[in-house]
Each structure stands twice: as C-alpha cells, then as structure tokens.
Amino acid sequence: MKISRQAYADMYGPTVGDRVRLGDTELWIEVEEDHTHYGDEVKFGGGKVIRDGMGQSQRCDDAVMDTVITNALILDWWGIVKADVGIQKGRIAAIGKAGNPDTQPDVTIVIGPGTEIIAGEGKILTAGGIDPHIHFICPQQVEEALMSGVTTMLGGGTGPATGTNATTCTPGPWHIGKMLQAVDSLPMNIGFLGKGNASLPEALELQIKAGVIGLKLHEDWGTTPASIDNCLTVADQYDIQVAIHTDTLNESGFVEDTLAAFKGRCIHTFHTEGAGGGHAPDIITACSKDYVLPSSTNPTRPYTVNTVDEHLDMLMVCHHLDPNIPEDVAFADSRIRRETIAAEDILHDMGVISMISSDSQAMGRVGEVICRTWQTAHKMKVQRGLLPEDQERGADNFRAKRYIAKYTINPAITHGIAHDVGSVEVGKLADLVLWSPAFFGVKPACILKGGMIAAAPMGDPNASIPTPQPVHYRPMFGAFGKAASATRLTFVSQAALDAKIGEELGLDSPLSACKGVREVRKRHMKLNDACPHLTVDPQTYEVHADGELLTCEPATELPLAQLYHLF
C-alpha cells in the first residue's frame with residue numbers, strides 16, 4: 001500500500017527528506033533519520049494502532065514504558081530524527097521504535113497496559129532549556145520560565161534584595177539553606193551560585209559545603225585579580241564552576257589582567273559581549289581563549305533598532321545608578337556599544353559564543369531565552385545565508401543544531417550537570433518539550449518535567465473538552481504536591497552531597513552533584529567551539545575575527561514576536 005507524502009505527514013508526521021519550518025522564521029530543518037517503521041507506526045486513538053493485542057502488549061515487566069511519545073521529530077545537537085521516545089521512572093529509557101513485540105518487528109520500546117501515550121505526530125521534541133544566568137529575584141520567574149520551555153535554572157539570589165537585583169549570588173550558608181528549602185517543591189531543576197568575591201578561601205568553602213553548585217564573581221562586589229585567583233583556586237579543589245561578570249570600569253585591571261588571573265583555568269564568562277557588564281570595550285576578546293566558556297544574555301539577542309536605547313534605561317535601574325550623577329551616566333554609556341552587539345550576532349553564528357541565558361529581571365527576560373535564540377538564528381540566516389555546513393543539504397540543520405546547543409547541552413556541560421540534563425538522550429531526566437512547528441520557539445505545546453506533564457496550554461476547566469477558550473498556560477499535575485519535588489533535581493556540589501545537606505535541611509527533592517567541571521574547555525562546547533583571534537578597536541569599537549570585520553545591520557522586524565502575542 002502506498003500513500004502520498006503529504007497524507008503520511010498529516011497522519012504520522014514528517015519523515016526522511018521532509019522539511020519543517022520553525023515558526024515564522026526563515027529556518028527550515030530536514031528529517032535525517034526515521035526510526036519508526038513504515039506500515040508499523042504506532043498511534044493512539046479510536047480505530048488506531050495502540051489497542052490491546054495490537055500495538056499494546058500484555059507485558060507488565062521492567063521493559064514496559066511508563067510513557068511513550070509517539071512519532072516525534074527530535075531536534076537536538078546530535079541530530080534531527082523521527083522516533084518514538086520511551087520514558088521510565090522519570091528518565092528517558094529508549095529512543096527508537098515503540099509497539100508490541102508480540103505482533104510487530106524490531107520493537108525497542110514496549111507499550112503495555114501500564115503505558116501512557118503522548119502524541120508526538122507532527123510535533124518537534126526538544127530537551128528542556130537550561131538558563132545558567134538567573135537572578136532569583138522572585139519565585140514567579142519559575143512559572144514564567146517553565147511555560148517558555150526552560151526546565152533548569154542556575155544562578156543566585158535571595159529575592160528582591162538590592163544585592164540580588166544586581167548580582168547572581170546567594171551569599172553565605174544561612175541564605176543558601178533557606179533558598180534550597182524555598183525551591184524544594186518548585187517544578188524546576190535549580191542550582192545556586194554563591195558569592196565568589198573574596199581574597200581568602202574559607203568563606204567560599206563554607207558556601208560550597210552549604211549547597212551551591214558554583215560561585216559567582218561580580219564586579220559590583222569587586223572582581224579583582226586577587227578574588228578571581230582565589231575563587232578559581234577553591235573551585236579547582238571542589239570541582240565546581242565559576243561564573244564571572246568582569247570589571248567594566250577597568251579599575252582593578254584590564255581584560256588582559258583578568259585573563260592572566262584565570263591562569264588557564266576554565267570559567268563561565270557571563271554576557272561576554274559586554275552590554276551586560278565586563279571590561280569596556282573589549283571583554284568580547286575573551287572568546288578567543290580555550291579556557292573561557294562564553295555566554296550571552298538575551299536583551300542583546302539579536303541586534304535590533306531598539307537594542308541600544310532599551311539598554312541604557314535597563315542599566316540605570318539594575319545597577320543602582322543615578323541619572324543625576326555624570327559618572328554613573330558615563331558608566332552606562334561605556335557598556336552599550338552598537339559595534340560589539342552587532343559582532344555578537346555573527347560570533348553566535350560562527351559558533352564562537354557557546355551559550356545564551358537570560359539575566360532574569362536584571363537586564364534580561366526569563367521567559368525569552370528560547371525565542372531570542374531562534375530570532376538570532378533567523379536574523380543570521382537572512383543576513384548571512386546558509387552556513388557552509390548546510391550548503392549541500394540546502395536546509396538549516398547544522399545551524400539549528402548549533403543554536404539549540406546554546407541553551408541545552410552546552411550550559412549543562414559547563415556546569416557539570418550533563419549527566420542528568422541538557423539533551424534528548426537515554427538515561428537523562430525526561431525534561432522534554434513538545435512544540436507544534438508553527439509555534440516553535442515561542443509557545444510550547446507541552447512541557448514534561450521528570451516524565452510528568454508539568455505545564456501546558458489548557459482551555460476552560462469547566463468545558464466539555466480541553467480546548468475551548470480561554471486557552472492559556474497553566475501548571476499541570478506535575479507541578480503540584482509531592483510529585484513536583486519528586487520530578488525535579490536540586491544541583492549542588494559533591495562536598496554538599498557528602499555533608500548530607502538534604503537531610504540536614506529536610507529537603508524532599510533528590511540532590512545531584514555537579515562533576516567533571518574543571519576539565520571543561522571550549523572544545524567541549526557542542527558545535528560552538530570556535531576560538532578565532534578577536535580584536536576590538538579602542539576608538540571605533542569595531543570587532544575583527546582573524547582580521548575580518550564583524551558587522552551587521554540591526555533588525556527592524558523579527559519572527560516569533562507580535563504575530564504570537566496580544567501584548
């Protein structure tokens with residue numbers, strides 16, 4: 001029996017050779033492999049395949065999945081693949097062909113009476129996003145981020161304190177303990193950064209043992225060469241990551257002095273372009289170093305006609321500056337440079353800047369990491385055309401893989417949590433996001449947290465079916481009760497795990513320690529490992545990579561924007 005390619009796609013989703021447009025962007029991805037079998041696909045519904053004795057087996061052993069996502073198009077750094085995905089005990093158990101091995105050939109994912117089905121036909125499946133630059137200013141950020149497709153948040157803070165409004169630090173054992181207790185039942189994986197600004201080790205060691213996953217150096221607390229060296233020395237001893245916001249004013253040294261203080265040790269440089277803070281005007285040159293793991297924050301993603309004006313106002317508020325003080329205004333002006341922001345777009349497209357994050361409520365929007373990543377990819381496609389790696393295929397597969405890695409696997413590797421999260425791979429926590437292609441990158445169809453549906457668009461609860469208006473994002477059962485704690489992870493240091501802080505604080509959530517952090521280098525950043533020689537002209541701020549000028553025009557309109565939102 002034969003059916004048309006269009007009819008097949010309508011019924012089971014796209015297959016090898018089909019192309020899918022991502023939202024209203026100019027990005028197209030092509031299916032590379034299909035692990036389902038033509039004629040033996042499984043699908044749920046009246047008169048469909050997953051019924052007793054057909055696609056559903058009688059088995060109830062350990063091989064049977066708790067949940068199967070059928071016929072999904074997986075988009076991840078490692079490939080663009082059509083497959084069924086099996087989930088067991090909250091983790092991804094298998095990727096392949098689902099069904100009943102008693103009636104179908106080559107089944108690798110067993111469906112039984114105890115299996116729930118989520119229809120992935122015609123949908124794109126991605127890993128939950130990881131935002132590694134969070135100011136924990138308010139708990140409502142968690143819901144906002146979750147509804148956008150983010151399932152892991154790393155950063156620091158204690159609420160709307162003046163220090164937290166400006167810096168991503170949860171300082172001291174008492175605050176760390178209280179914040180660990182506060183997030184224990186939130187439907188989000190969370191890891192906290194302690195304050196790393198100290199010239200002696202003891203205060204940093206106390207914070208690591210109290211439960212942070214890393215330390216943050218911030219210029220507002222004094223990011224001097226001495227504090228950098230001390231913080232990295234302690235981090236090496238405890239195998240944790242250090243994140244840094246460098247010295248915009250160049251008071252304690254220039255970018256060369258900061259790089260010298262790193263001494264070749266790995267470090268996560270926040271908003272490495274510099275608008276979010278850092279040595280003016282040339283912190284962007286740090287991207288050249290193999291030991292620097294660079295990220296952007298989303299307000300400069302991508303460069304548009306509104307970017308510069310918006311940033312000046314944001315900066316005055318976030319860093320407690322006074323518009324009546326000339327020195328404060330000069331400080332703000334020094335950080336916002338059209339030339340380096342334009343170059344940032346291109347450096348992302350070249351795979352030089354490895355990650356994208358939010359800088360939530362502190363010059364960044366927690367719910368826009370994913371959409372701004374894809375807006376950047378779209379802008380670069382329009383302005384620069386296909387990447388060399390995509391020329392033969394004629395679709396944007398490599399570019400799509402490069403950009404999705406920026407908010408999934410690369411932050412996971414950087415912070416030593418890739419054994420648990422960051423990709424759609426067997427053994428990892430089933431933090432998964434389903435998207436309708438028309439809404440890709442901006443409005444998820446379903447968000448799974450640890451194998452349970454934690455959030456989704458839902459219609460009137462009193463309606464006779466799930467779809468009547470008003471449809472809006474609502475927390476689902478995975479976000480309530482003890483299930484919320486059981487399907488999330490709190491990321492800590494191995495020292496904190498050894499100190500049994502979970503028992504000491506009475507935490508319900510499982511704890512997971514970061515590992516293998518200090519060996520990470522830029523070459524480990526998936527599809528984003530380029531290290532060209534970068535220079536910044538101190539007068540014009542023009543950026544060159546290996547002698548080539550990096551510049552582009554600001555966007556006047558973007559996809560994934562007003563078309564999808566009423567306000």
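Each Cβ is built from the backbone N, Cα and C atoms, and glycine gets one as well.
Remember, predicted model here, so these are calculated numbers, not experimental data.
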Same-site Ni(2+) 1 binder from Asp359, Asp390, Asp396, given that Swiss-Prot records His133, His135, Lys216 | Asp359
Shell of the Ni(2+) 1 site beyond His133, His135, Lys216, Asp359, same chain only (C-beta within 8 angstroms of their C-beta centre) = Ile134, Gly155, Gly156, Thr167, Thr168, Ala243, His245, Phe270, Thr297, Ser357, Ser358, Ser360, Ala362, Gly364
Least Cβ-crowded entry, counting other Cβ within 10 Å, from the binding-site residues listed as His133, His245 = His245
Binding-site residues His218, His245, His271: which have a Cα within 10 Å of His133 (Ni(2+) 1 binding site)?
-> His271
Highest CB neighbour count within 10 A among the binding-site residues His135, Lys216, His218?
-> Lys216
Quick one: which of these binding-site residues, His135, Lys216, His218, Asp359, have their CA within 10 A of His271 (Ni(2+) 2 binding site)?
-> Asp359
For the domain 'Urease' (128-567), what's the model's average pLDDT?
-> 97
His245 (Ni(2+) 2 binding site): which of the binding-site residues His135, Lys216, His218, Asp359 is the nearest Cα neighbour?
-> His218
With an 8 Å cut-off on Cβ-Cβ distance and a minimum sequence separation of at least 6, pull the same-chain contacts of Asp359 (Ni(2+) 1 binding site), or say none.
-> His133, His135, Phe270, His271, Gly276, Thr297, Asn298, Pro299
